[in-house]
Amino acid sequence: MPPLGRGGGGDEGEAWRRWAVLVSTVWIQALTGTNFDFSAYSSALKSSLGISQEALNCLATASDLGKAFGWSSGLALLYMPLHGVLMVSAALGLAAYAAQYCCLIFLNPSSAAGSSSSIPYPLVFLVCLIAGCSICWFNTVCFVLCIRSFSASNRPLALSLSISFNGLSAAFYTLFANAFSPTSPSVYLLLNAVLPLAASILALPAILLCHTQDSNLQSVPRYDRRVFLGLYILAFITGIYLVVFGSFTTTGSAAWVILTGAMVLLALPLIIPACSSCSYVDTHSIDSASPPNHDDPHKPLLASNNLQNESNAVTEKTMEQQVQRTSCGTILDKGRLVVLGEEHSAKRLIGCVDFWLYYTAYFCGATVGLVYSNNLGQIAQSLHQQSQLTMLLAVYSSFSFFGRLLSALPDLLHSWKASFARTGWLAAALVPMPMAFFLMWKQQDGSTLVVGTALIGLSSGFIFAAAVSVTSELFGPNSIGVNHNILITNIPLGSLLYGQIAAMVYDANGQRMTVTDNHTGIIDTMIVCMGMKCYSTTFFVWGCITFLGLASSMVLFIRTKPAYASTAASRSSCKHLTKFPVNRETP
């Protein structure tokens, strides 16, 4: 009987455990992107509170401001188990969104005849802040699960697949809302409170099986890439399904049928790894990013030393070139990263030039796309496209999902010997965003709005997913719980700045009108803007900002390209050495 961990039942169990954890993170991510459906109920919230567009923007900022405290999840992991952090996340989200739902339903002015009471705005702001914090905690749990469960070569694929489904949250919530109460915007708040808790409970058994150490990840079966390919194909089919059936409002039995189909597609990822485990054959395949196993008699005794020497030589050569260039005083070479994966403490991270280029690229790229999605409800309303809001939300969500899936392309091409720095892909992903904003600045109609929304969703989705792997590669995988949450502090800053720009332009071009909420019956006076003037200037400013993000990402790519080349050379040497095994039993 083969020993555990070498092709016997232990390997099969270990493989199944990895895939169960990955599918669990997919479920969690698919139902915890609750900030993406803000546009679905933002107009109702604005009307119920009787607030201006600037005050509504502050509520969207409050949700994003919770991400500024996302680093607390990394600290919590030092003192709490993963499943404990997960359940705290679910509890925070449940409390925050349930409080908002109760405010709209029970503290609504229309609920008390003749009452002039209103929903307490500071309370809504506070619970939005808590809700944003819970989202960060969910994300951190999923990142750590993928890092602990998969080897270095497969880790980006696992992260990309998991994060991709977060982009589909708005589409899933739209299907749930259509099935339960398609005419009530407040149903989104109720779903935001309940569904993340349900997903957490469902995923809990698999998470309890996750290893706390990654020492078992030195070797991986060769069929892992085939399983990932199957999972990505299934994910692509899920995205197409949601684009087709989530782009229009359905009610009654049709809505329940579509929702059931989506839930079946969400559960299907369990089948592919299960089928693969049944046909498991041990191949002793070595992860190209992991060191050789010294206990294996079929591996060369000096492979590790030779590889280390060659890797050190490459690193020293790169460092020497870096020092020479620095002495020339060129901006592109000053303080650049020499090797990938080196752990950065928070203090060292803040002093790193490459981090601030990376921060600027994210701040002037993906964050702008997120603010655009938060304003999509008012954008559609100003252009007389309110009836198309459900379709626009589905388009943004689905194309954000496809962008996240495409973030795995560097790893798939790497397996085909077409290596390219991930920071280069990050720069390429930013190209469509300024194009989309300048396009909508020049022409604002239904078709242009759809195309622009798709491009922005595609670009921002790629960056959201790729950023986790970029952070891990540039600044160390063990520090990602803190470092990535430091990176995304740009989201609340951008949400406040970019949203304020949009709100000021909107209110400046609007006029005070008396409006009636069809659902609550509230009659209130508020500023409403209609026409191209409402967002034309905003689109131009956002386009210039995203162009700055593109320029920053290109500089980051140039600076980090030698580090990626050095790592690629080291991995190539490892593969070359393992092609010529030395049999220790040979006389």
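Each residue's number is its place along the chain shown, starting with 1.
Cβ coordinates come from backbone N, Cα and C, glycine included.
Caution: TrEMBL annotation is automatic and unverified by curators.
Along the domain 'Nodulin-like' (18-273), the predicted structure has mean pLDDT 80. Residues annotated as domain 'Nodulin-like' in TrEMBL: 18-273.
Counting same-chain residues at least six beyond the ends of the transmembrane segment (85-107), those with a Cβ under 8 angstroms from any Cβ of the stretch are 28, 32, 34, 44-45, 48, 73, 76-77, 117, 119-120, 123-124, 127-128, 130-131, 133-135, 137-138, 140-141, 186, 189-190, 192-194, 196-197, 200-201, 203-204, 207. Residues annotated as transmembrane segment in TrEMBL: 85-107 (among others).
Residues or ranges marked as transmembrane segment by TrEMBL: 119-145 (among others). Sequence-distant contacts of the transmembrane segment (119-145), counting only residues of its own chain at least 6 positions beyond either end whose CB sits under 8 Å from a CB of the stretch, comprise 21-22, 24-25, 28-29, 32-35, 45, 48-49, 51, 55, 58-60, 62-67, 69-70, 72-74, 76-77, 82, 85-86, 88-90, 92-93, 95-97, 99-100, 103-104, 107-109, 159, 162-163, 166, 192, 196, 207, 210, 468, 480-481, 484-485, 488, 492.
Annotated transmembrane segment per TrEMBL: 157-176 (among others), in sequence order.
Annotation comment: TrEMBL describes 188-209 (among others) as transmembrane segment.
A Cβ distance under 8 Å defines the sequence-distant neighbours of the transmembrane segment (229-248), meaning residues of its chain 6+ beyond its ends; these are 22, 161, 164-165, 168, 171-172, 174-175, 258, 261-262, 265-266, 268-269, 272-273, 276, 390-391, 394-395, 397-398, 401-402, 405, 408. Sequence annotations record features per position, and here TrEMBL assigns transmembrane segment to 229-248 (among others).
The transmembrane segment annotation in TrEMBL covers 254-272 (among others). Long-range Cβ contacts of the transmembrane segment (254-272) within its own chain (Cβ-Cβ under 8 Å, at least 6 residues beyond either end) map to 19-20, 22-23, 26-27, 30, 172, 175-176, 178-179, 182, 227, 230-231, 234-235, 237-238, 241-242, 245-246.
The domain 'NFD4 C-terminal' annotation in TrEMBL covers 342-562.
Per TrEMBL, transmembrane segment is recorded for 355-373 (among others).
Same-chain residues lying 6 or more positions outside the transmembrane segment (425-443) and placing a CB less than 8 Å from one of its CB atoms are 361, 365, 368-369, 403, 406-407, 409-410, 449, 451-453, 455-456, 458-460, 462-463, 466-467, 470, 535-536, 539-540, 542-544, 546-547, 549-550, 553-554, 556-557. Summarising the annotation, TrEMBL assigns transmembrane segment to 425-443 (among others).
Feature annotation from TrEMBL assigns transmembrane segment to 449-475 (among others).
According to TrEMBL, the transmembrane segment annotation covers 487-506 (among others).
Summarising the annotation, TrEMBL assigns transmembrane segment to 539-558 (among others). Counting residues 6+ beyond its ends, the transmembrane segment (539-558) has Cβ neighbours under 8 Å at 332, 354, 357-358, 360-365, 368, 371-372, 421, 423-424, 426-427, 430-431, 433-434, 437-438, 440-441, 498, 501 in the same chain.
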Intrachain residues whose Cβ lies under 8 Å of the transmembrane segment (157-176), provided they are six or more past its termini | 22, 25-27, 29-34, 36-37, 40, 139, 142-143, 146-147, 149-150, 187-188, 191-192, 195, 228, 231-232, 235, 238-239, 242, 245-246, 255, 258-259, 262, 266, 390, 393-394, 396-398, 400-401, 403-405, 407-408, 411-412, 457, 461, 464-466, 468-469, 472
